[in-house]
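Database features, via Swiss-Prot:
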- 1-225: region 'Pyrophosphorylase' (REGION)
- 7-10, LYS21, GLN73, 78-79, GLY140, GLU154, ASN169, ASN223, ARG328, LYS346, TYR361, ASN372: UDP-N-acetyl-alpha-D-glucosamine binding site (BINDING)
- ASP103, ASN223: Mg(2+) binding site (BINDING)
- 226-246: region 'Linker' (REGION)
- 247-449: region 'N-acetyltransferase' (REGION)
- HIS358: active site, proton acceptor (ACT_SITE)
- ALA375, ALA418, ARG435: acetyl-CoA binding site (BINDING)
Amino acid sequence: MLSVAILAAGKGTRMESSLPKVLHKISGKSLLQRVIDSCVELKPDQIFVITGHKSKEVEKAIPNDKKFHVVVQEPQSGTGHAIQVLCREVKKHQGKLLVLNGDVPLIRPSTLKRLLNLHDSKNADVSLITTKKTHPHGYGRVFLKGDFIERIVEEKDCNDLERENELINAGVYCFNWGILSEIINTLQSNNNQKEIYLTDTISLLKNSLSLEVEDNGELQGINNRIQLSECEEIIQNSIKEKHMLNGVTFINKASCSISEEAEIGKDVIIEANTHIRGNAKINSHCIIGPNTFIENSNVGLNCEISNSTVYASQIMDYIKIGPYSHIRPNSEISSFSKIGNFVEIKNSQLEEESKVNHLSYIGDSIIGRSTNIGAGTITANFDGQKKHQTKIGKNSSIGANTVFVAPINLGESVTTGAGSVITKDSKDNSLAISRTEQVNIENWERKKS
């Protein structure tokens, strides 16, 4: 039987944040979620998340699954105290207990599996991950005696000689839970921090093993915003390298960010300052950017999107968007259409070969095939209480500076006069015009101030 305990009770004081440390995000996922994802790969029987500081907030981030259990640690008196609380809450201490911190977002499932395999093969009381750091400031030092761990000394309790040891504790343990439960309550807070250390169990257990991991990048804990940024960079580099090996070009990859869920096709060019978030999909032969943000949207083949934002929308094939366009949620832009500069589209459908080239707002609308929307067109869709729809049939020509006061339904091949305010429906092949006749007053003199 395998149980997992994720330590997520700390305040994270050095983050200088009102948000619990484990809820800070890297590439769209919280630190806690990344640790959970790695643990789930092990197929454990149960996962305990030990919370404390702002427990209710942290609890909301835990999956709603019967495998997950919340254990509240009050007060937060150290890692050893956290496991003491867990052992009191859980009556059956069977099999293995994997313990790790909730702030190690880069830990690989494969490394955790290696630890479990070592533990099983040697029938250990405890096995833990260690690594060597050239400048190990802040980490507990691990001291070996032959093949076994003799003791672990926390940084603040080290003397000068002990601080020279470069073998550090990564904070990932696999215990024989039954044996651990017999000694856990003997731990005391006899140290400079006045906390109960889980590392003190090592000297009480006979068969304590070390799994030394060479790549200590994955063991990076997050204690401040600098380390958060470093981990973000590691993950982003990994994501972008994967896409580049699959045929994607980044013009300036350091200035771009890509979510792990995003899909990008071959021969896509990602220009500088482009950010692709959530479940976005960019199909082949597109040019995206520069200065473009796409989230939870599908972009078809051979599209060009520059200096624009696209949220939760469908962009079909051979479409040009931008510069400075804003495609808001629930919009669908059909193939061979064009959205030009300073255009906002919201909850609207544009059929094939439609054009909205300049300075327009299209909201809650259906625009027919091969329709041209003139500069400055506005769909006035909100009456102060609810939104209304505008429908414009195919092959229509909308004059510059037209305002549609929705609800409006225009037929096919309708033309509107420039500057019109359209308040009534129009039939097929009609001209809709609504403006006062121009009056010229000759010999007019402006009043002088």
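Any Cβ shown, glycine's included, is placed from N, Cα and C.
Remember, it's a predicted structure, so these values are computed and weren't measured experimentally.
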Chain-internal residues, separated by at least six, CB under 8 A from ALA375 (acetyl-CoA binding site): ASN357, HIS358, LEU359, SER360, ALA400, ASN401
- prompt: Which whole-number value in Å describes the distance between the Cα atoms of ARG435 (acetyl-CoA binding site) and ASN223 (Mg(2+) binding site)?
  reply: 65
Query: Short question: which residues 6 or more past the ends of the region 'Linker' (226-246) have a Cβ under 8 Å from it?
result: 15, 24, 26-27, 105-106, 217, 220, 253, 256-260, 264, 266
- request: Using Cβ-Cβ distances, find the residues under 8 Å from ASP103 (Mg(2+) binding site) that belong to the same chain and are at least 6 apart in sequence, listing them in sequence order.
  value: GLY10, GLY12, LYS21, VAL22, LEU31, VAL35, GLY221, ILE222, ASN223
- line: Averaging the pLDDT values of the region 'Linker' (226-246) gives 97
LEU7 (UDP-N-acetyl-alpha-D-glucosamine binding site) - helix vs strand vs coil (DSSP): strand
Query: According to DSSP, does ASN223 (Mg(2+) binding site) fall in a helix, a strand, or coil?
result: coil
- request: For LEU7 (UDP-N-acetyl-alpha-D-glucosamine binding site), write down the residues of its own chain that are at least 6 apart in sequence and whose Cβ falls under 8 Å from its Cβ; none is a fine answer.
  value: ILE50, THR79, ALA82, VAL99, LEU100, ASN101, GLY102
Field: Cβ neighbours of ALA418 (acetyl-CoA binding site) where a neighbour is any other Cβ within 10 Å
entry: 14
Message: Please give the maximum pairwise Cα distance, in Å and rounded to a whole number, for the acetyl-CoA-binding set ALA375, ALA418, ARG435.
response: 17
Query: In the structure shown, which of the binding-site residues LYS21, ARG328, ARG435 has the fewest Cβ neighbours within 10 Å?
result: ARG435
Cβ neighbours within the same chain of GLY140 (UDP-N-acetyl-alpha-D-glucosamine binding site) - under 8 Å, at least six residues apart: ILE152, VAL153, GLU154, GLU155, ILE168, ASN169, THR199
Residues near GLY78 (UDP-N-acetyl-alpha-D-glucosamine binding site) in space but at least six apart in sequence (CB under 8 A): SER189, GLN193, GLU195, ILE196, TYR197, LEU198
